[in-house]
């Protein structure tokens, strides 16, 4: 290199990367900056005699280490061949979807393809509603037949005792059938809203909820819902409908016509969110409230791009439900008018009554908090019994406890009188009237009847919805709040007759307020307005609902859906409060699974065994730890198989852990791997072909005993000690195979493995508030921590939750099992 080139290189070294005339182009952005600053000086020197056309450079990343050969044009007002080529490429790339890290598409996208895709999307959303409406009607017909059967059997009984016995037997028999159906598909139990809230955060349902979208789950959900509601248990239906429509969506996405929508996670989750809206809107023919309810109870943050999709499906479902009812000549109010026809005067309230509605909401907020404490206590006790190793506890909570609840429900709904024997909103429309209650409500006293009805529903609801049957909470909370609100209105009317209040308006406000407090969703008030068509009651309903939610939020108890999520151990990302000074680097775990760009097959095998079925980070070398990106486990497996094949090595299935060894030694990698696999699948967290979540896997890796001293002198978990693990791997190999597997190879050799650059990494100084926003909006379960490009660790969802105040507000007793926890930040272990 002559002096001129030396001076040029020295000058370039002092310039910013995008202003240098020589050297490697690190990114497309840097390339664009260099192109914009090109002034016509020749880049061809004695040391650079390779000329690469710009079009070739844009197509092939393999020439990115070379200089760019352009034409003789100059940047000026008349343009240049260089810039013209760049503009043409940029315009072509904007519609062809060229990947920076892969090849071009075979053909460019055009307007016709774009509009076809939009038409398919709209067709899919409408089809959801078309399926949801008739399906809802069919399920409703089935459980209404069971309720009519119960009434007919009771009418045939000659005396009170036999009527009670028939009523109780009916409840026990069909509750047992509901339990039997859900035993066939355990994930069909519970409210689908809680599970969908977790799934919409981005978790893989195959991992935590295996079989959640299976056809068998659909059948068990429908059969279990029909039996549980038909048995007279105090359960709702909206949660089960949400789950049912989610299963329908999942299977529609597997059809050849709509299969393309499920390629990207974000698009799939948007359609599942629309299915949640259909599940609620088709229940009461309330599209506005259905969309808002699905937004509030299934999302921490809601993307407005989902808004129109949800409305299209919700309106389609509501229209199809009403059309089905009309065609079937149904006598239901849904076919011709509002679900609950109210009878209020033209001016149902005065402005001076607003404080009374606020007081009603505050009282219901207190009652809801007490009910949520009871619900959490019952759910925790039942969860502990289900996880118990004692057989009698498992039998008790699986069969005996539900049958006892069925008997208790039957007795408490039959003994008080006729007013407690109807648990549907149609039968209780009398609460939303201007006049007096019927005589059946005043056998003892109307205050007694209303207080007993509200107390029975508030007591039985936690007992019923925590059973292993398909459930919901909307209708029971609506009835309990309506009964208490009517009683409150009757008391006000008796104490202050001069005010001339309408007790039915307080019943309506109470129904909305109690439902809002239980779900922490203001959309309950919107649904109440839609199903009653009482638009003149907007102001009292919202005042009462806001007051109920405000009082409920003063206490540590969360919404019913969040409580059930935490008890079940499913991951989700709620709104969490963090200390202002807390950052991602405050809590450190000493180990991280990674490989270097130039490594050995033995270390690749070790990484695949430690972190199966997950992407593995790739660093440049052990000294700098610069993060290059991630490589998928499937590509690494193909790379290992190709290496074994090219070097005529055997035992690849055993070394990859895909086939058990015939006779492994007592202390080998195979026995340790089995222990690790067992650890990652504890507590019924689910799995897919042995796949464990990244939280559980890192937790198992970092907590296995005994700990040994690493190279830095710190304690290192045994499974993360490279030297000992490599020694165990080498035990089963002969010397020739061991030499081959310990030779240095490049993971990108042969283009089998592609290092995918990370879309985002975070700094150890990132505040946890910002990290929470990142996890929620990107729907990710982990994120790598880097310092000036050097890999330092990984932050996970469960670690983020442990760092916040969310579980503390639940009293500490409702936290996930410690076996499922992981640290917030896992730093690189440089062994």
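From the backbone N, Cα and C atoms, a Cβ is placed for every residue, glycine too.
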* From 73-96, 97-120, 121-144, the residue range that TrEMBL assigns the feature transmembrane segment -> 121-144
* Can you give the mean pLDDT for the domain 'CBS' (588-649), rounded to a whole number? -> 86
* Asked: Given the transmembrane segment (534-555), which of the listed stretches 164-190, 211-235, 271-295, 354-375, 447-467 has the most Cβ pairs that are under 8 Å apart from it?
  -> 354-375
* Among 121-144, 164-190, 211-235, 271-295, which stretch has the most Cβ pairs under 8 Å to the transmembrane segment (396-415)? -> 164-190
* Stretch in 164-190, 211-235, 271-295, 354-375, 447-467 most in contact with the transmembrane segment (121-144), if contact is a CB pair under 8 A -> 271-295
